[in-house]
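What Swiss-Prot says about this protein:
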- Val83, Glu84, Ser85, His223, Glu224: substrate binding site (BINDING)
- Ser85, Lys86, Arg252, Gly253: NADPH binding site (BINDING)
- Cys184: active site, thioimide intermediate (ACT_SITE)
- Asp191: active site, proton donor (ACT_SITE)
Amino acid sequence: MTLPEHSPLGKPSAYKTEYDASLLFPIPRQPKRAEIGLPEGRALPFFGVDIWNAYEVSWLNLKGKPQVALATFIIPADTPNIVESKSFKLYLNSFNQTKIASPEALQQLLHHDLSEATGGTVQVRLVTEADLGTQKMGELDGLLLDRLDIETDIYEPDPTLLSAEQEESPVEETLVSHLLKSNCLVTGQPDWGSVQIRYVGAPIDQEGLLKYLISFRNHNEFHEQCVERIFTDVMRMCKPVKLAVYARYTRRGGLDINPFRTNYNTPWPDNRRNARQ
């Protein structure tokens, strides 16, 4: 099994500038899922995707002229592995002095390598220079929890902060906070994010939910793992009929990671970059 502590994170790394797929470092999802009550073999209570955006993609055309693009990678949540982010960056940098016939050829290569590493089918989208002007920005929709004047001193995840008024009539709400902060599982470096929670069910106590999201502040876990922990805690403590959790994290090393988990059929998020990204 590949373990996070064996990854390139927190270690000096040589930056290869010619293509090397072996730089990708997969990490199994299952051990961290077991920690949140999802043992191996049990059906997952959610489905979804991890949306990765890469802003520093460059290669050479066959004449040696540099090319640049933005790339989006859509990784299904049911793949057995995630890819450690520093290894992803090193892998992308390995294209910098590599000659590739066309953007389409690069896209096919990225699709193959990422699918191999994650154990599933990864969608790859490239935005080349000609289409950079089509990119849009926008904030997460929803009622802002950060407006609440709460007091807290809890900075490790505490599901008991969550509650819902089960005697009340069901509601449909979309709640948003920009106060999500967690830390890298290996290095302890801060990860900053915005999170959107959409649900149908008994009204969730908003102050408790905000305190709960803030409680991740000293917690060490990868982005995908934090979102799955939020999803399972809200399901267990608040018992909504429908739930979708979407987080957009600020970029590091030219990459941002945006996990989405839901228990009902709904379109995937539209991947609009927000102002903090």
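Note: Cβ is positioned from N, Cα and C throughout, glycine not excepted.
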| message | Using the Cβ center of Val83, Glu84, Ser85, His223, Glu224 as the substrate site position, which other residues in that chain lie within 8 Å, going by their Cβ? | response | Ile27, Asp50, Trp52, Ile82, Phe88, Phe222, Ile257
| Do you know offhand how many angstrom separate His223 (substrate binding site) and Lys86 (NADPH binding site) by C-alpha? | 13
| remark: CB contacts under 8 angstroms to Glu224 (substrate binding site), restricted to the same chain and 6+ apart in sequence, sorted by sequence, are Arg29, Asp50, Ala77, Ile82, Ile257, Pro259
| query | Near Gly253 (NADPH binding site), which of the recorded positions Val83, Glu84, Ser85, Asp191 can be found within 10 Å, Cα to Cα? | reply | Ser85
| task | State the count of C-beta atoms found within 10 angstroms of the C-beta of Glu84 (substrate binding site), not counting that atom itself. | result | 23
| query | Rounded to an integer, what is the Cα-Cα distance in Å between Arg252 (NADPH binding site) and Asp191 (active site, proton donor)? | reply | 9
| remark: Integer Å value for the Cα distance linking Glu84 (substrate binding site) with the residue listed as 'active site, thioimide intermediate' is 11
| query | How big is the Cα-to-Cα gap, in Å, between Asp191 (active site, proton donor) and Cys184 (active site, thioimide intermediate)? | reply | 7
| Which residue, of the recorded positions Val83, Asp191, Arg252, has its CB surrounded by the fewest other CB atoms within 10 A? | Arg252
| Going by DSSP, is Lys86 (NADPH binding site) part of a helix, a strand, or coil? | helix
| message | Return only the integer: C-alpha distance in Å from Ser85 (substrate binding site) to Cys184 (active site, thioimide intermediate). | response | 10
